[in-house]
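Engineer: Here's the feature list from TrEMBL:
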ACT_SITE  HIS10  active site, tele-phosphohistidine intermediate
ACT_SITE  GLU81  active site, proton donor/acceptor
BINDING   ARG9, HIS10, GLY11, GLU12, THR13, ASP14, LEU15, ASN16, ARG59  substrate binding site
Amino acid sequence: MTRKIYLIRHGETDLNKKKCFYGSLDVSINDTGKQQAQKLKVDFKEINVATIFVSDMKRAKETAEIIFPKQTKIVKANLSEKGFGKWEGLNANQIEASYPKEWQKWLDEPFDYTPPEAEKFKEFRKRVLRVYREIIQTTTGDIAIVCHLGVIRTIVSEVKQLDFWSIHLAQDAWLELEIENNLK
């Protein structure tokens, strides 16, 4: 049996607008983010999802509440974005100015170098894929997951065998995956 998995990116935040790294900072969506979520609500009006999973971050929960106001949502902390430690709340120029050597190391080896006090990429990936597999194996029917770009990239790169950085998704967008018999 083929199932559909809808991966939905949360609406815009003020830190998105400023192009900041803010993985584990728990911020709300802004007015644009609310409008984006309303657009997503229209997209999902005719799509029947059996179960909705949401990251525990405010921006994902607020987006999910707008898209699916009457449906029960299951919050999963392991769907949260990768933490960037000391770099959170800073944009690329600020990071490069404050942490020039570390910034260059991260640009050279983003999967192997860990910014100061940040979550290791390998641990982030393991956490996300573990919760994704748990979701797939413990549910039936089509599901929606409202989360973050890093989480979506991790899932899609694993399921579709694509390069992590090749996966792009705007804040008012979603991806659909088809899976067979609870696998992947």
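Every residue gets a Cβ built from N, Cα and C, even glycine.
Just so you know, TrEMBL annotations are computer predictions that nobody has curated.
Computed from a predicted structure; not experimentally measured.
Describe the structural surroundings of these features, if you would.
Structural biologist: Sequence-distant contacts of HIS10 (active site, tele-phosphohistidine intermediate), defined as residues of its own chain at least six apart whose C-beta falls under 8 angstroms from its C-beta, comprise ILE29, GLY33, SER55, MET57, ARG59, ALA60, GLU62, THR63, VAL146, CYS147, HIS148, GLN171.
Look at GLU81 (active site, proton donor/acceptor): DSSP puts it in coil.
Other Cβ atoms within 10 Å of the Cβ of LEU15 (substrate binding site), summed over all protein chains shown, number 18.
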Engineer: May I ask for the distance between LEU15 (substrate binding site) and GLU81 (active site, proton donor/acceptor), taken between their Cα atoms and rounded to an integer number of Å?
Structural biologist: 14
Engineer: Given the binding-site residues ARG9, ARG59, which one's Cβ is surrounded by the fewest other Cβ atoms within 10 Å?
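Structural biologist: It is ARG9 that, of the binding-site residues ARG9, ARG59, has the fewest other Cβ atoms within 10 Å.
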Engineer: Please report the distance from the Cα of GLY11 (substrate binding site) to the Cα of GLU81 (active site, proton donor/acceptor), rounded to the nearest angstrom.
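Structural biologist: That separation, Cα to Cα, works out to 14 Å.
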Engineer: For the substrate binding residues given in the record (ARG9, HIS10, GLY11, GLU12, THR13, ASP14, LEU15, ASN16, ARG59), what is the largest pairwise C-alpha separation in angstrom?
Structural biologist: 15
Engineer: Where does LEU15 (substrate binding site) sit in DSSP terms: helix, strand, or coil?
Structural biologist: helix
Engineer: Please report how many Å separate the Cα atom of THR13 (substrate binding site) from that of GLU81 (active site, proton donor/acceptor), as a whole number.
Structural biologist: 14
